[in-house]
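S.K.: I am attaching a structure below and will ask some questions about it afterwards.
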Amino acid sequence: VSETMSTNEEKKKLPLNGRRALPPNNSNDEENEVPEMEAFGLIPRGFNPKDYLHVVDIYMFKEPHEINKQQHHTDKYYNPKLIVRRGQPFQIQIDFSRPYRPETDQFWLEYLMGRYPQQNKGTYIPILVGNMLKPGEWGAKITHRENNSIRLSIMSSATCIIGKFRLYVAVWTPFGILRTRRNSATDTYILFNPWCQQDAVYLDNEKEREEYVLNDVGIVFHGSVEDIKSRSWSYGQFEENILDACLFLMDKAELELSGRGNPIKICRVASAVINSRDDNGVIAGSWDNSYDYGVAPSAWTGSVDILLEYYSSKQPVRYGQCWVFAGVFNTFLRCLGIPARLITNYSSAHDNNANLRLDFFLDDEGKVDTRLTKDSVWNYHCWNEAWMTRPDLPVGFGGWQVVDGTPQETSDGMYRCGPASVQAIKHGHVCFQFDAPFVYAEVNSDIVFSRREKNGTQVIERIDTTHIGQLIVTKEVGSDEMKEITEEYKFREGSDEERLALETAVMYGVKKQTTRDTTYQPQTDIDMDFQVQKAVLGNDFKATITFRNRSRNYYTATTYLSGNIVFYTGVAKTEFKKHSFSAKLEPSSSSSFDVWIKSSEYMSDLLEQASFHFFVTARINETGKILAMQKATILEIPTLRIQTKGELVAGKEMSVIVEFTNPLKQALENVTLRLEGPGVLRTIKKEFRSIPMNSTLTWEVKCIPIRPGLRKLIASLNCDALRHVYGELNVQIQKP
């Protein structure tokens, strides 16, 4: 056997390079052969292994209700193997063929990972049995002896590698080492431990740990500042095979096993592998409203389907937009035990050349010139924060770190972003790795409207310093409310500290073009305001432009309103409304003008987030000065109604009923419904050929909930004419 074994091995070996003695060890999945008898030399004929201590069985206490998973907060993982957190003791029991005699018997444990285990890399860990455990260091001690059995308490290192280890018990004999046979039932997963003070991800608040590590559903805030919307997202980090899928992502990213104890490295490689750009990662992004051969980003209700599909197909899953990347990233981080939360930045700058200003170029009429304008303002952008110490930075920059899996710009040659310290961004210390200048620009840029005169000079018409990053939010700990965290990213607008942070950022190389070199004298005695009525999808609504003339002069304003249907990234698809009029402005008075927007004007071109962007520009004819404003607005989208029927008891059948009424003046064709709820039911999909206008669709699903407790059902409806339709329901599942 050994002969054929080695020749196959030779074929599999990678070509060695001159710098390393062993091939890279970057797969948690691969294994090496471990001999059951490792002889010291020639074995005498009379040698019988049975004369020595012999392992009959190993008991891992790995059931959810048993001591290990209870104490390590891993009882929710739908996984039959032992899962523990590092730096905290766990128990196993070894049954020998006879009573253990400490005076003469010698045995030890071996934990191995990967294809080329090495002690100095932390992938081969021999543990001798001692009298006491040192906190945060590998060790084992006997806590109990009875008949042929011993009970061991094992401590793992608080810095050890995260992943799946193989366990062997080795017994010393004078002629060689006897080992237990390879047994996958004793495999042990070791995860990060936010409960352990010596762990880099230690979080000292129990309520926050329950939210940021153990909560398997969350809220995504979207919409726009004027109209905040929220939806639930099922993270599902404890569902079947998700832990293995998350470990596979690190193999896919080719992260050396020895680097997998470091949350900074893990976040950095994960932010690249979450998107499919340049490494065939998990999700393919698409922002162009055509989602052939894939699922529209708005149809996903959680991360589980995406991760499982990727784990089995190894090909990017189509399609995602920022909240999908962030939702899957959050699952990955929480699954491995890194505290994480999903963040939304409203009016997020995507600044192409990181000069802290977004340039909007206007043409003669005051319309935005789409050829020249390359920067864009996203209505909102989602990213993640992960909690960890930053020993690679000066003291004070640990805590929440920005990581972003959405592919926007490259960093060190790959589409990835972070981890960047939130504290460093707030104070403008953007010299500290990784990607702080880009994140700083996302929350701090100015918008500059400029117009090219006939003679070619650029005239700046307006500078808006408060629009970008005006609201940054996340889900509240322990409830579905919204928590504002703008203050954690920036000082109050206009404060001295804010100016100072900006000057610091500029000093550290964030480019900031001054506007002094261009002539900028705005019209100061007229104010223009612009409001858009809240509107339901499929209805008419109005926009109101108000002028306040504070001077004693008569003015006339040539006013132009342009309505665009936009992607939530602020990129325009079509201009669906053009309206100009002349406004007479009496001295010292206000006047308002209404512009009606009809559903027939926008319905045919509508994009999935039903979001509009309006520009209003007014030229004051007497002075030639221009007033400019821009505003995003979002239509109210109808929701799905969810209810339940029958008793809500774990292990008993119940019904979930989803209802939807079509509000549009047209039939909806080829409609897909999705329903999921971690612990209650796996994702179910159903297709409907057509829903006529004003008619109601009802869908009943029978299921048997597995876990008691407060659970959430999440549903989505999707078709070409209508996207981003959601519904959700909290259900309390009783114990049987």
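Including glycine, each Cβ sits where the backbone N, Cα and C put it.
Take a look at what TrEMBL says about it:
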| type | residues | note |
| --- | --- | --- |
| ACT_SITE | CYS322 | active site |
| ACT_SITE | HIS381 | active site |
| ACT_SITE | ASP404 | active site |
| BINDING | ASN444, ASP446, GLU493, GLU498 | Ca(2+) binding site |
| DOMAIN | 314-407 | domain 'Transglutaminase-like' |
| REGION | 1-33 | region 'Disordered' |
S.K.: If you measure from the Cα of ASN444 (Ca(2+) binding site), which of the active-site residues CYS322, HIS381, ASP404 is the nearest?
M.R.: HIS381
S.K.: Between the active-site residues CYS322, HIS381, ASP404, which lies closest to ASP446 (Ca(2+) binding site), Cα to Cα?
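M.R.: Checking each of CYS322, HIS381, ASP404 against ASP446 (Ca(2+) binding site), the shortest Cα distance is to HIS381.
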S.K.: Are there recorded positions among CYS322, GLU493, GLU498 that sit within 10 Å of ASP404 (active site), Cα to Cα? If so, list them; otherwise say none.
M.R.: CYS322
S.K.: Write out how many residues of the domain 'Transglutaminase-like' (314-407) are helix, how many strand and how many coil, based on DSSP.
M.R.: 15 helix, 41 strand, 38 coil
S.K.: Please identify, among the recorded positions HIS381, GLU493, GLU498, the one with the smallest Cα-Cα distance to CYS322 (active site).
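M.R.: That would be HIS381, the closest of HIS381, GLU493, GLU498 to CYS322 (active site).
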S.K.: Between the Cα atoms of GLU498 (Ca(2+) binding site) and HIS381 (active site), what distance do you get, rounded to the nearest Å?
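M.R.: So the alpha carbons of GLU498 (Ca(2+) binding site) and HIS381 (active site) sit roughly 22 Å from each other.
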S.K.: Averaged across the domain 'Transglutaminase-like' (314-407), what pLDDT does the model get? Just tell me the whole number, please.
M.R.: 89
S.K.: Which residue, out of the binding-site residues ASP446, GLU493, GLU498, shows the minimum number of other Cβ atoms inside 10 Å of its Cβ in this structure?
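M.R.: If we count Cβ atoms within 10 Å for the binding-site residues ASP446, GLU493, GLU498, the smallest count is at GLU493.
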S.K.: Restricting to the chain of HIS381 (active site) and a gap of 6 or more, list residues whose Cβ falls under 8 Å of its Cβ, or answer none.
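M.R.: Once residues fewer than 6 apart are set aside, HIS381 (active site) is near CYS322, THR344, ASN345, SER348, HIS350, THR406, GLU442.
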S.K.: Using the recorded Ca(2+) site (ASN444, ASP446, GLU493, GLU498) as reference, state which further residues of the same chain have their Cβ within 8 Å of the centre of those residues' Cβ atoms, listed in sequence order.
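M.R.: Result: THR465, THR466, ILE468, GLY469, LYS490, GLY494, LEU502.
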S.K.: Provide the number of Cβ atoms within 10 Å of the Cβ of CYS322 (active site), excluding the reference atom itself.
M.R.: 27
